[in-house]
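Novice: This is the structure I have questions about; it appears just below.
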Amino acid sequence: MTIRFADKADCAAITEIYNHAVLHTAAIWNDRTVDTDNRLAWYEARQLLGYPVLVSEENGVVTGYASFGDWRSFDGFRYTVEHSVYVHPAHQGKGLGRKLLSRLIDEARRCGKHVMVAGIESQNAASIRLHHSLGFTVTAQMPQVGVKFGRWLDLTFMQLQLDEHAAPDAC
């Protein structure tokens, strides 16, 4: 298994993984699937901002992906990013999520980011455990802020401080 930077050719596999999460999980709070052009536009937008899109690959097959983007689009949040990590269902439980997220944390540090935020559906105990194990702490619990599959969803926010800068002008 290798982790590498994605390229445009990976967008079809990324779309498949994304759409599975849309249809079968509460990890993505969208109701409709997307086409490859949608994920290609998403990929290109990340590239324009200098943000990484990583894929895990085994025997030439994309098994997962990870990325981060602006947490909020205001200048004051320029050192804070929110990330996403998704693993193909046939490859879950093999530690790929941990490997992708660890590499993504390294990339955020390389990009000079200060905080990485995770927004996790509160019933996703595996994701919350993974984030705790990598140093993330719970910073907020937001009950019933989303809906999917005919039920209210709670949101857990977790964050990881990526550096030790005492003040923003030290960044």
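Even glycines carry a Cβ here, placed using N, Cα and C.
Here Swiss-Prot flags 1-163 as domain 'N-acetyltransferase'. Marked as substrate binding site by Swiss-Prot on the basis of similarity to another entry: ARG72, SER73, PHE74, GLU82, HIS83, SER84. According to Swiss-Prot, the feature acetyl-CoA binding site maps to VAL85, TYR86, VAL87, GLY93, LYS94, GLY95, LEU96, GLY97, ARG98, ASN124, SER133.
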Novice: Which chain-mates of SER133 (acetyl-CoA binding site) that are at least 6 residues away have a CB under 8 A from its CB, listed by sequence?
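Specialist: Long-range Cβ contacts: ARG98.
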Novice: Among the binding-site residues listed here, SER73, SER84, which has the most company in the form of other Cβ atoms within 10 Å of its Cβ?
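Specialist: Going through SER73, SER84 one by one, the largest Cβ count within 10 Å is at SER84.
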Novice: List the residues of the same chain that sit at least 6 positions away from HIS83 (substrate binding site) in sequence and have their Cβ under 8 Å from its Cβ, in sequence order, or write 'none'.
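Specialist: Same-chain residues close to HIS83 (substrate binding site) (Cβ under 8 Å, separated by 6 or more) are ALA66, SER67, PHE68, LEU101, LEU104, ALA108, MET116, VAL117, ALA118.
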Novice: What is the interatomic distance between the Cα atoms of LYS94 (acetyl-CoA binding site) and ARG72 (substrate binding site), given in whole Å?
Specialist: 32
Novice: In Å, how long is the longest CA to CA span across ARG72, SER73, PHE74, GLU82, HIS83, SER84, which the record gives as the substrate binders?
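Specialist: Result: 20 Å between the two most distant Cα atoms.
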Novice: Within 10 Å of the Cβ of GLU82 (substrate binding site), how many other Cβ atoms are there?
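Specialist: Here the count is 18.
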Novice: Identify, among the binding-site residues ARG72, LYS94, ARG98, the residue whose Cβ has the fewest other Cβ atoms within 10 Å in this structure.
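Specialist: Comparing Cβ neighbour counts within 10 Å for the binding-site residues ARG72, LYS94, ARG98 gives ARG72.
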Novice: In whole Å, note down how far the CA of ARG72 (substrate binding site) lies from the CA of VAL85 (acetyl-CoA binding site).
Specialist: 18
Novice: Who sits close to VAL87 (acetyl-CoA binding site): which same-chain residues at least 6 apart have their Cβ under 8 Å from its Cβ?
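Specialist: Counting only residues 6 or more apart in sequence, the Cβ neighbours of VAL87 (acetyl-CoA binding site) under 8 Å are ILE17, SER56, THR63, GLY64, LEU96, GLY97, LEU100.
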Novice: For acetyl-CoA, with binders VAL85, TYR86, VAL87, GLY93, LYS94, GLY95, LEU96, GLY97, ARG98, ASN124, SER133, what's the maximum Cα separation in whole Å?
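Specialist: Among the residues the record ties to acetyl-CoA, max Cα distance equals 18 Å.
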Novice: Can you give me the average pLDDT across the domain 'N-acetyltransferase' (1-163), rounded to a whole number?
Specialist: 97
